[in-house]
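According to TrEMBL:
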- 6-64: domain 'TRAM' (DOMAIN)
- GLN288, TYR317, GLU338, ASP386: S-adenosyl-L-methionine binding site (BINDING)
- CYS413: active site, nucleophile (ACT_SITE)
- CYS413: active site (ACT_SITE)
Amino acid sequence: MTKQAPVQKNEYIDVVFEDLTHEGNGVAKVDGYPLFVPNGLPGEKAKIKVIKLNKGYGFGRLIELYEKSPDRVEPNCPIYKECGGCQLQHLSYPGQLRAKHNQVQEVLTRIGKIENAIVHPVLGMEDPWRYRNKAQVPVGEREGGLIAGFYQKRSHDIIDMEACLIQQEKNDEVVQSIKRICEKHGVRAYNEQTHKGTLRHIMARSGMKTGEIMVVLITRNTDLPNKNQIIQDIIQSNPDIKSIVQNINTKKTNVIFGDETKVLWGNEFIYDYIGNIRFAISARSFYQVNPEQTKVLYDQALKYAGLSGKETVIDAYCGIGTISLFLAQQAKKVYGVEIVPEAIEDAKRNAKLNEIENVEFAVGEAETVIPKWYEDGVKADVLVVDPPRKGCDETLLQTIIEMKPKKVVYVSCNPATLARDLRILEDGGFKTAEVQPVDMFPQTMHVETVVLMSRVDK
Ligand code: SAH
């Protein structure tokens with residue numbers, strides 16, 4: 001099979017990078033055969049070593065750069081190379097925004113065959129660092145002491161980390177002090193191989209507007225030695241800590257959270273605002289990690305929805321009701337649907353908290369619940385979808401086509417499935433009007449996109 005490759009494994013070759021993959025690798029082509037090379041940027045000339053050959057594509061390693069891209073910058077983070085969290089720190093921020101714009105435009109054309117849609121420049125951050133409101137770090141041991149940080153690329157070795165430059169500073173500080181406090185009180189780290197030890201992960205989450213911090217200790221079982229002293233020390237370490245929670249994960253698994261959650265001290269929730277809407281966030285709640293850009297994203301969705309107060313709106317894949325509550329302020333009625341029951345409990349609580357009464361939330365699959373609503377006579381003027389990476393279920397898309405809302409607002413975290421779904425909706429009588437990418441995750445390859453589609457055959 002690999003005979004088709006025009007190069008050989010371990011061969012050194014000179015290339016020019018033409019493109020960037022959605023993983024952030026440079027793409028060089030040899031007789032049309034693509035080689036993916038970490039750290040290569042479009043336009044750069046380089047010597048690479050061929051590392052691996054597959055049918056149709058291969059991988060290489062950057063050996064020497066002959067000509068650098070004008071967009072290349074020195075990565076800010078000292079652990080950028082070892083950590084897999086960021087992929088684009090070697091590209092200037094304007095360069096990152098252009099790369100994300102190209103990515104969206106390219107898949108809409110290639111996969112979606114969408115023509116004449118306006119793809120606006122990516123809405124980026126003024127300061128694209130220190131934006132995350134949630135730190136979630138694995139804990140290990142080295143020479144008897146605790147370490148907490150990140151898994152080294154392609155491995156399960158934990159590297160100790162003092163600071164993560166895309167993390168809000170106070171979350172970093174909280175993680176550091178929890179590490180020290182647990183170490184002082186003799187807490188052992190969980191060991192994946194032996195399934196022994198106690199502390200698996202530390203999570204710190206903070207409200208951007210309120211400043212409130214929640215700490216979650218994820219442990220292998222309910223035992224936490226010297227629990228009371230640990231709690232006292234944590235409370236004293238930072239006055240903004242309003243909630244200390246223990247989550248128990250008894251399983252041999254890579255999944256971080258277990259099923260049981262206990263409040264050790266303080267509140268079950270911390271609060272935060274997006275715009276003027278207040279949210280109660282529990283240890284397990286899904287909450288967007290970049291609050292500043294979430295506001296930008298939701299404002300854009302709201303603008304595209306273009307509500308006057310008379311509309312019925314459906315928010316599919318509504319999570320804890322964030323977009324639904326935003327929309328409800330300007331609509332007659334909003335229906336939200338989401339598959340995770342706890343998220344819907346949060347959504348209902350958040351509606352009450354904000355005294356928003358024109359919303360109704362249902363637990364279930366969007367592709368099952370929305371057809372039922374339609375049968376029961378619910379007719380949406382505007383339909384908002386915000387699906388996970390795999391995109392919308394085909395049944396849901398068919399229901400949207402039958403329901404004929406005036407507008408569909410599609411919020412997507414994966415341009416490829418977005419393009420696929422837009423094609424189906426276009427074939428069903430909608431036209432892609434505007435596309436607005438938003439940079440929710442600077443320094444990484446992820447891009448979020450909001451699309452406005454309008455009904456054409458009225
Ligand atoms: N709109 C929310 C959440 C978007 S994330 C926000 O902005 O915060 C996508 C959500 O879709 C997740 O909460 C996930 O639990 C949910 N989900 C996944 N598959 C689903 C399905 N088939 N039907 C309904 N919801 C689903």
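Each residue, glycine too, has its Cβ placed from N, Cα and C.
Just so you know, TrEMBL annotations never went through curation; they're auto-generated.
Sequence features annotated in TrEMBL and their locations in the structure.
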residue : record                               : Cβ contacts under 8 Å, 6 or more apart
GLN288  : S-adenosyl-L-methionine binding site : ILE274, THR294, LEU297, THR322, MET440
TYR317  : S-adenosyl-L-methionine binding site : VAL337, GLU338, ILE339, ALA366, VAL385, ASP386, PRO387, PRO388
CYS413  : active site, nucleophile             : PRO388, ARG389, HIS446, GLU448
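Among the recorded positions TYR317, GLU338, ASP386, CYS413, the residues whose Cβ lies under 6 Å from any atom of ligand 1 are, in sequence order, TYR317, GLU338, ASP386. Among the residues GLN288, TYR317, GLU338, ASP386 said to bind S-adenosyl-L-methionine, no two Cα atoms are farther apart than 16 Å.
Classification of ASP386 (S-adenosyl-L-methionine binding site) by DSSP places it in coil, neither helical nor stranded. For GLU338 (S-adenosyl-L-methionine binding site), the Cβ neighbour count at a 10 Å cut-off comes to 27, with all displayed protein chains included. GLU338 (S-adenosyl-L-methionine binding site) carries a strand DSSP state (E or B).
Residues PHE286, ASP315, CYS318, GLY319, THR322, ILE323, PRO387, VAL411 surround the recorded S-adenosyl-L-methionine site, their Cβ atoms falling within 8 Å of the Cβ centroid of GLN288, TYR317, GLU338, ASP386, which are themselves excluded. Counting residues per DSSP class in helix, strand and coil order gives 0 helix, 35 strand, 24 coil for the domain 'TRAM' (6-64). Cβ neighbour count for ASP386 (S-adenosyl-L-methionine binding site): 24 (other Cβ atoms within 10 Å of its Cβ, all protein chains included).
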